[in-house]
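Q: What follows is a structure written as structure tokens; I'll ask about it next.
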Amino acid sequence: MIFKVKFEVTQMILTSLINKSAKALVIVAFVAAPFLAHADDAQKPAVHVTYEPQLDNQRDPNQYCAKCHKFDKIDKNQTLDQSGGELHFGKFHGAHLDKKNPNNGKAITCVSCHGNISENHRRGAKDVMRFEGDIFGNKKPMYSVQEQNQVCFACHQPDKLREKLWAHDVHAMKLPCASCHTLHPKEDAMKGIQPKQRVKLCVDCHGEQQKRKAEQDKLIEQKDKL
């Protein structure tokens, strides 16, 4: 009888110890789980997250520019494909809109001529190509003649331009293309004027050049007399 009681007591003690041990193991496993997971993650290669902004209208870069450079004199519901080459972004006309680069066959977009914008573009950063044709202005252009014309030469090859008109041989290297050609022509790239009237463009430019030279010579002469 005494042996039986001792055996039952011993069994109860063992059962109690086993239950306590099991509970302790559960607690340890619960506490250690985050640390074990962290250690496992530490062994994995680091994942570098790169921010890649997704631009709307990726298939039509012109629409992305048009978000800020609003349409003018055109139905806002009209798409670029329906514009008939008369799309306006302020002063923009779309003769180039339906064209492709003859050298690579890619469609011409705003980016083709003006380049990609930076993240500061919307804050007013002057980070795109600007074509300035006022050769008599006092303000220095943002981009040199060579930089401006190289953009045009990406499609309009200099050799072919010289063959088409002798004036390109001289002027294309010293003057910006924009001084004679409109940037966003509706039809004719040559200031939108008729061929018979184009000579007036030459006369006006060279006349102004001679006038300014005469004024400069007069000032020099007056200084010499002082």
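Each Cβ is built from the backbone N, Cα and C atoms, and glycine gets one as well.
Heads up, here are the entries from Swiss-Prot:
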- 1-39: signal peptide (SIGNAL)
- Cys65, Cys68, His69: heme 1 binding site (BINDING)
- Cys110, Cys113, His114: heme 2 binding site (BINDING)
- Cys152, Cys155, His156: heme 3 binding site (BINDING)
- Cys177, Cys180, His181: heme 4 binding site (BINDING)
- Cys202, Cys205, His206: heme 5 binding site (BINDING)
Q: For Cys68 (heme 1 binding site), what is the secondary structure state per DSSP, taken as helix, strand or coil?
A: coil
Q: Which ones are near Cys202 (heme 5 binding site): of the binding-site residues Cys110, Cys113, Cys180, which have a Cα within 10 Å?
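A: Among Cys110, Cys113, Cys180, the ones whose Cα sits within 10 Å of that of Cys202 (heme 5 binding site) are Cys180.
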Q: Between the binding-site residues His69, His114, His206, where is the Cβ count within 10 Å the lowest?
A: His206
Q: Considering only the binding-site residues Cys152, His156, Cys177, Cys180, which residue has the minimal Cα-Cα separation from Cys113 (heme 2 binding site)?
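A: Result: the closest of the binding-site residues to Cys113 (heme 2 binding site) is Cys152.
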Q: Using the CB centroid of Cys202, Cys205, His206 as the heme 5 site centre, which other residues of the same chain sit with their CB within 8 A?
A: Leu201, Val203, Asp204, Gly207, Glu208, Gln209
Q: Which chain neighbours of the heme 3 site, leaving out Cys152, Cys155, His156, have a Cβ atom within 8 Å of the mean position of the site's Cβ atoms?
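A: The surrounding set, listed in chain order, is Val151, Phe153, Ala154, Gln157, Cys177.
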Q: An 8 Å radius from the center of the Cys110, Cys113, His114 Cβ atoms defines the neighbourhood of the heme 2 site; name the other residues of that chain inside it, in order.
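A: Along the chain, the qualifying residues are Cys65, Thr109, Val111, Ser112, Gly115, Val128, Met129.
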Q: For Cys113 (heme 2 binding site), what is the tally of other C-beta atoms lying within 10 angstroms of its C-beta?
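A: That number is 18.
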Q: Fewest other CB within 10 angstroms, which one of the binding-site residues Cys155, Cys177, Cys180?
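A: It is Cys155 that, of the binding-site residues Cys155, Cys177, Cys180, has the fewest other Cβ atoms within 10 Å.
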Q: What count of other C-beta atoms do you get within 10 angstroms of the C-beta of His156 (heme 3 binding site), across all chains shown?
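A: There are 18 such Cβ atoms around His156 (heme 3 binding site).
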Q: Cα-Cα separation of His156 (heme 3 binding site) and Cys177 (heme 4 binding site), in Å?
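A: Cα of His156 (heme 3 binding site) to Cα of Cys177 (heme 4 binding site) measures 11 Å after rounding.
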Q: What is the interatomic distance between the Cα atoms of Cys205 (heme 5 binding site) and His114 (heme 2 binding site), given in whole Å?
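A: Spelling it out, the Cα of Cys205 (heme 5 binding site) and the Cα of His114 (heme 2 binding site) are 26 Å apart.
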Q: For the C-alpha pair, I'd like the distance in angstrom between His114 (heme 2 binding site) and Cys152 (heme 3 binding site), rounded off.
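A: Answer for this pair: 11 Å between alpha carbons.
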Q: When neighbour density is defined as the number of other C-beta atoms within 10 angstroms of a residue's C-beta, which of the binding-site residues Cys65, Cys110, Cys152, Cys202, Cys205 has the lowest density?
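A: Each of the binding-site residues Cys65, Cys110, Cys152, Cys202, Cys205 was scored; lowest Cβ tally within 10 Å is Cys202.
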